[in-house]
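K.L.:
The domain 'Major facilitator superfamily (MFS) profile' annotation in TrEMBL covers 57-446. Look at TrEMBL and you will find 49-71, 91-111, 123-142, 148-169, 181-203, 209-228, 269-290, 296-315, 327-347, 386-410, 416-434 tagged as transmembrane segment.
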Amino acid sequence: MHCCARWKRPNVPTSAIMAGLPGYNSLCRTWTNFSCVASKHVNTPGPPLAQFAHAPLLLLIIAFMMLQPLSTDLYLASLPGLASSFNVPPATVQLTLSLFVIGFGGAQLIIGPLSDRFGRRPVLLCGLVLYVAASIFCALAPSITMLIVARFLQALGCCAAVIIARAIVRDAYAPEHSVRVVASASTWLSLAPIVGPIVGSYLQVAFGWRAAFAALGLFSACVLAVSLKRMPETNLHRNARATELSGLLENYRLVLGSREFWAHALPGALSYGAIFSFISGSSFVLIRVLDVPTSWFGYCFAFGVSGYMSGTIICRRLLPTIGSARTFRIGSLTSLVAGCGFMAAVAAGIAHWSLMLAAMFLTMLAHGINFPIAQSGAVSPFPQQAGTAAGLMGALYMSIAFTVGTVVGATHNGTLYPLAIISCTLGLLIFASVRSIPAALSKAES
């Protein structure tokens with residue numbers, strides 16, 4: 001009853017600037033509230049979890065998760081510069097994104113089981129060390145081939161940080177409180193894809209493309225240093241059989257054989273592919289085709305990302321009133337309108353940066369509606385295999401993103417047509433896949 005009185009709130013800066021940031025006050029409240037929750041998980045005196053009330057746990061979780069958006073968004077403005085620096089076509093430069101995505105997606109299938117068997121801390125630290133080293137290799141890469149290889153290795157380290165962050169939430173907090181932790185973290189995480197491209201644009205203008213990777217290396221090195229000092233082991237119940245092949249294959253078979261999994265995972269992955277087409281192609285189209293200054297690119301991309309934030313708000317408002325099935329259909333219809341509208345405008349001869357921003361905003365708005373429903377619908381039927389389901393869904397997302405990114409790079413021809421065709425095709429597929437969800441599943445969701 002009085003456990004909160006025993007704990008002090010961490011020494012988080014409370015300057016006027018910090019206090020004005022979205023979610024700052026809720027972040028401070030979260031520290032106080034969840035210190036009590038952490039203490040309730042301690043069954044014996046002095047286990048590592050007892051340190052959680054004093055460690056900046058939530059800030060560490062945010063830092064781990066922030067590596068993923070920063071790893072892509074911080075250097076988007078540098079993609080055209082990379083092509084010029086190495087004298088290679090856009091399709092080759094796109095591989096620095098596509099290989100990162102495929103590495104991240106594949107690693108999801110093994111990071112979770114490894115941390116279940118060997119513990120969160122060693123897997124996390126190994127991942128962060130790999131990420132720091134790979135970032136340095138990226139910044140010093142003498143060729144595009146070496147940069148692509150370094151980006152793949154960077155993805156493996158990034159995946160370890162993100163997956164372990166999710167596992168830490170499960171370890172440290174009771175289920176009814178973990179949602180609040182994730183919500184608080186998400187408020188801050190939403191700043192990364194907005195601030196990242198803006199900072200990256202200025203780094204590109206001032207120092208060139210290598211500066212973005214140097215910044216990633218510096219940030220991850222700081223995260224590693226704090227983790228070495230303050231991150232205890234949170235997995236108190238290690239599973240020596242977590243990496244046994246027979247058990248893994250059985251879980252994969254169970255999830256992949258579920259119609260409910262595919263009914264949600266496929267449209268969710270297609271929706272992610274739609275936004276990834278803009279992530280991978282927007283810098284070339286805006287900067288090279290539509291002559292938008294490099295220093296402005298970050299603001300253009302931030303406008304698009306604000307669509308995703310708006311979509312999540314709309315989704316949260318619609319779910320209690322009309323249910324997930326109808327909300328999912330609204331999201332898929334928005335995807336269809338975004339893709340087909342973009343294609344129709346380009347076919348009509350419109351080639352303006354405002355059209356590009358409108359299409360990107362609507363596509364990300366649709367994903368903001370689609371993603372929460374797809375994620376929940378694909379994972380919730382498997383309480384005993386939630387990690388496996390989430391990993392398979394993530395791998396599917398990244399596989400489609402890899403395919404889309406490769407196609408975007410290969411078809412770039414100095415016009416808006418390739419991106420518009422891809423966007424329209426994905427919009428049609430998203431709409432069709434959601435409309436084809438069996439009536440029994442839709443009724444159960446509603």
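Each Cβ is built from the backbone N, Cα and C atoms, and glycine gets one as well.
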K.L.:
Quick one: find which recorded stretch in 123-142, 148-169, 269-290 has the most Cβ pairs under 8 Å with the transmembrane segment (327-347).
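P.N.:
It is 269-290 that shares the most Cβ pairs under 8 Å with the transmembrane segment (327-347).
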K.L.:
Looking at the stretches 91-111, 123-142, 209-228, 296-315, which one shares the most CB pairs under 8 Å with the transmembrane segment (386-410)?
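P.N.:
It is 91-111 that shares the most Cβ pairs under 8 Å with the transmembrane segment (386-410).
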K.L.:
Does the structure show the transmembrane segment (91-111) and the transmembrane segment (416-434) touching, where I'm treating 3 or more Cβ pairs under 8 angstroms (sequence separation 6 or more) as a contact?
P.N.:
no
K.L.:
Mean pLDDT for the domain 'Major facilitator superfamily (MFS) profile' (57-446), rounded to an integer?
P.N.:
88
